[in-house]
Amino acid sequence: MLIDWFTVFAQLVNFLILMALLKRFLYKPIMQALTDRENKIAGQLEEARKIKASAERERIEYVDKIERFEQQRESLLKQVHDDAAHEREKLIKAARIEADELRSAWQQALKNEQNRLHRELMRNTREEVFAISRKTLADLASVSLEQRICEAFLQRLHTLDDSDKNRLSDAIQSSSDPIRVRSVFALIPELKNAIKQAVSDVFKVNATIEFDVDADQISGIELSANGRKLSWNIAEYLQNFESSIDRTLTAKTVSQSHSGPDAHVV
Amino acid sequence: MRLSSDQIIFWQYGFIKLNGTIVTTWAIMLVLVVGAILITRNLTRSLENKRWQSVLEVIVITLNQQIEEVGLKRPEKYLGFLGTLFLFIVTANLFAILPGYEPPTGSLSTTAALAIAVFIAVPFYGIAEQGFGGYLKSYLKPTLIMLPFNIIGELSRTLALAVRLFGNMMSGTMIVAILLVVTPLFFPIIMNALGLLTGIVQAYIFTILATVYIAAATRRHD
């Protein structure tokens, strides 16, 4: 007999027990684990989606920020350029003003130097002229320059026109002060007497005359009374010489001022 | 010549006896249950999986997919029965690799018990799915005349299930035993390997047929 019915029954029971045990220990935990894992994966996917969405939002936000930053940078850069250009203009202007001031100062200094030189020349010229004249007159006429000046002064005194004579005469007569005669050199007594005599002859007064030596005076002899003056001097000659020197110096200064300070202006 | 392990009697008290088939079945049950307990004891829920847990998951998922492919909508509901059927038969057949082992599926008593289980499960699931009346009506399809043929078909396919599995497994064991006598070297090894393949195929066929019967019983009126 191939079939043993007790064994059939026993195997059926065995199978049912095995089914129950496997259900309890295999299928249920495995299915539960699978479900849990699926849920977990689904949760993680959902979380990943949220993170992705959040990251996308942040990305957009950062892109916006970068754009804003770029615009801000451009604007700041432009402002800096404008400021720099403005500052450059200002500095150039200041440098130009400074250069102008330097040039003015230089020109002023040049002018001062020119004036000083001029005065120096004048004094030297005068001394030279006196020395030359003195020597020339001494050599040629055998009289001292002082005598020739005095003679020239007396000549002038005698040849005064009437109006000048009257004005001077009024001045002498209306003044209680003595008549002052200034000369650049000390007059010898003969010349002083000649002058006194001439004044007395011309103005018909017997006034007191005081003789002074004035080294700075440019003229030879000057007579003054109550604000009126009569003089003979070498001013005309000197004036001509001065004019000539002036022209020369002016021409030199102009050429120097064109090549001098301008070279420093940037 | 011994055709079945039923004939190995360890203990007997009247009608009740403890034969080789029952003892071997208990051993297989022990292996399956202890194995399941050991593996599922520390199941991980995380994405990193343990090796043996993965093996069990693959088996369970494949069974689920197979059941679903046949046409059962909620495979979890049938997994307990059909999965156990497959795991028991396949384990019983694969142990045939061990020397001196006689598979319980080579006993007609075991295969008959399994076929009876299927015979009971089909109306059980059918009634559960479409009600008692609905299930009974399925015997009258397509016409009333078909009622006796449907009943005969129900019985005969149960018998076929039992005999098919028994025949295949018993013959496999028998052939290896005969060949060991005739050609003791090499050839039995090939036959044994073939026996393993046959065992797996038979387990698959038995389970798939049971699934088809249950599917047919649960969706006749779909």
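Cβ coordinates are placed from backbone N, Cα and C, and glycine is handled just like the others.
Within its own chain, the transmembrane segment (B:20-40) has Cβ neighbours under 8 Å at 4-10, 52-53, 55-56, 87-88, 91-92, 95, 101-104, 107, 109-110, counting only residues six or more beyond its boundaries. What TrEMBL records for B:20-40 (among others) is transmembrane segment.
The transmembrane segment annotation in TrEMBL covers B:78-101 (among others).
Beyond the transmembrane segment (B:107-128), the same-chain residues lying 6 or more positions past its ends with a Cβ under 8 Å from any Cβ of the stretch are 4-6, 21, 25, 78, 81, 85, 88-89, 92, 134-135, 138, 154-155, 158-159, 161-166, 169-170, 206, 209-210, 213-214, 217-218, 220. The transmembrane segment annotation in TrEMBL covers B:107-128 (among others).
Taken from TrEMBL, the feature transmembrane segment covers B:165-187 (among others).
Taken from TrEMBL, the feature transmembrane segment covers B:193-216 (among others).
Nonlocal intrachain contacts for the transmembrane segment (B:78-101), taken as residues 6+ away from its ends with a CB within less than 8 angstroms of a stretch CB, comprise 24-25, 28-29, 31-32, 59-60, 63-64, 67, 72, 110, 114, 117-118, 121, 125, 165, 169, 172-173, 192, 195-196, 198-200, 202-204, 206-207, 210-211, 214. Outside the transmembrane segment (B:165-187) by six or more residues, the chain places 3-4, 89, 93, 96, 102-103, 105-108, 110-112, 114-115, 194-195, 198-199, 202, 206 with a CB less than 8 A from a CB of the stretch.
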